[in-house]
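Below is one structure, written out as structure tokens, with a few remarks after it.
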Amino acid sequence: MIAAQPRSRILGTGRYTPARVLHNTDLEKIVDTSDSWITERTGIRRRHIAADGELTSDMATAAGRSALAAAGISAADLDMIIVGTISGDSPLPACAVHVQQKLGAWEIPAFDISAACAGFVYGLTIADQFITNGAACRVLVIGVELLSRILNWKDRTTCVLFGDGAGAVVLGPASGDGRGIVSTRIFSDGALAGSLVIPGGGTSEPLTVDGIERSRDKVHMVGQDIFKVAVKNLSSASLIALEGAGMTAADLDWVVAHQANLRIISQVAARLSLPLEKFVLNIEEYGNTSSASIPIALDEAVRDGRIKPGHNVLFCALGAGISWGASVVRM
Ligand code: UT7
């Protein structure tokens, strides 16, 4: 099979995670749960929570600055900012315009992607298209979530799972040495739209006092529905992206999967016939940070030297929508 030639490549990575840490044992005091339940069912031990007054756009900007510095460019060099988030500063305008303003990247397109946990893979795929078409040269792609403010802290089925944080990459044109985004694929299936929702606050259910009392403005999830489809779809999307790259799973050096549940990741590893040691894991530390989870884990592994230039890395993510996707990148 002829290997695909990348058109865009990752020039730098960055992340920001809030300092405040909430341990499973802290949650035992808030809801009817236990450290052992959370650890055994999910792999999560801690999650980072944004400080009071800290904004989604603050975290996104910090991660963006870190990625720009790693890429060796300034905000003025950017042609576009794409932010994957479902927890922006406000429903209107896009979180990305606040990031643009805070970075000082004037008069370039800046927009949000609403693909939940798949937001980063969606953003990467869109950025790759703009660069491939020649319509943009340097694109900042950020995954950021401040989920702690849209969780129902009385609902043990959701509040123990999620955390806050931001990760980012700067994409630029590939230089013909084979490094870059080799293949990337995105998918959605609205049949499971009701399994992971914030039901209130939109046009179908404008918020009322009663709605707020019933936490209709907070995350609701039927975890089992998502779990089953996550294992199947993450595996199939990964195989499709690998096929597009002219590779098999055996060619991969690392997999950076969305960190929703260690059991999901383990089952995907088994389906791809890969050892868990090939997966970058940080769910223990951050929980599920939705669109931020892949770029945070990527940045950690790049900076600590696990992921090296030339390594073949697979990203895969699935979340509300349901929306999912996978990318193969030669770093
Ligand atoms: O990132 C976005 C996409 N989201 C995901 O990928 C999440 C996918 N789903 C999951 O990861 C898992 O389904 C969960 C971690 C959400 C739940 O794990 P599970 O093994 O599927 O548990 P379950 O929902 O089947 O619940 C089992 C039991 C229930 O009690 P009963 O009915 O058996 O008595 C729950 O009420 O565990 C109970 N339970 C809890 N117990 C202690 C649910 N949450 C908790 C909790 N602490 N926090």
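Each Cβ is built from the backbone N, Cα and C atoms, and glycine gets one as well.
Bear in mind that TrEMBL entries carry predicted annotations, made automatically and left uncurated.
Residues or ranges marked as active site by TrEMBL: Cys117 (among others). Mapped onto three states, the DSSP output places Cys117 (active site) in helix. Around the Cβ of Cys117 (active site), the same chain contributes His258, Ala260, Asn288, Ser290, Ser291, Ser293, Ala317, Leu318, Gly319, Ala320, Ser323, each under 8 angstroms and 6 or more positions distant in sequence.
Marked as active site by TrEMBL: His258 (among others). Under the DSSP three-state reduction, His258 (active site) is assigned to coil, being neither helix nor strand.
The feature active site is assigned by TrEMBL to Asn288 (among others). Neighbours of Asn288 (active site), defined as other CB atoms within 10 A of its CB across all chains, total 23. In the three-state DSSP scheme, Asn288 (active site) falls into the strand class.
Here the domain 'Beta-ketoacyl-[acyl-carrier-protein] synthase III N-terminal' (111-190) has, by DSSP, the following mix of helix, strand and coil residues: 26 helix, 31 strand, 23 coil. The domain 'Beta-ketoacyl-[acyl-carrier-protein] synthase III N-terminal' annotation in TrEMBL covers 111-190.
If you look up TrEMBL, you'll see 242-331 marked as domain 'Beta-ketoacyl-[acyl-carrier-protein] synthase III C-terminal'. Predicted-model confidence for the domain 'Beta-ketoacyl-[acyl-carrier-protein] synthase III C-terminal' (242-331) is 98, expressed as mean pLDDT.
Residues 41-43, 117, 161, 226-227, 230, 281-283, 286-289, 293, 297, 318-319 of the same chain sit 6 or more residues outside the region 'ACP-binding' (259-263) yet have a Cβ under 8 Å from a Cβ within it. Sequence annotations record features per position, and here TrEMBL assigns region 'ACP-binding' to 259-263.
There are 33 other Cβ atoms within 10 Å of the Cβ belonging to His258 (active site).
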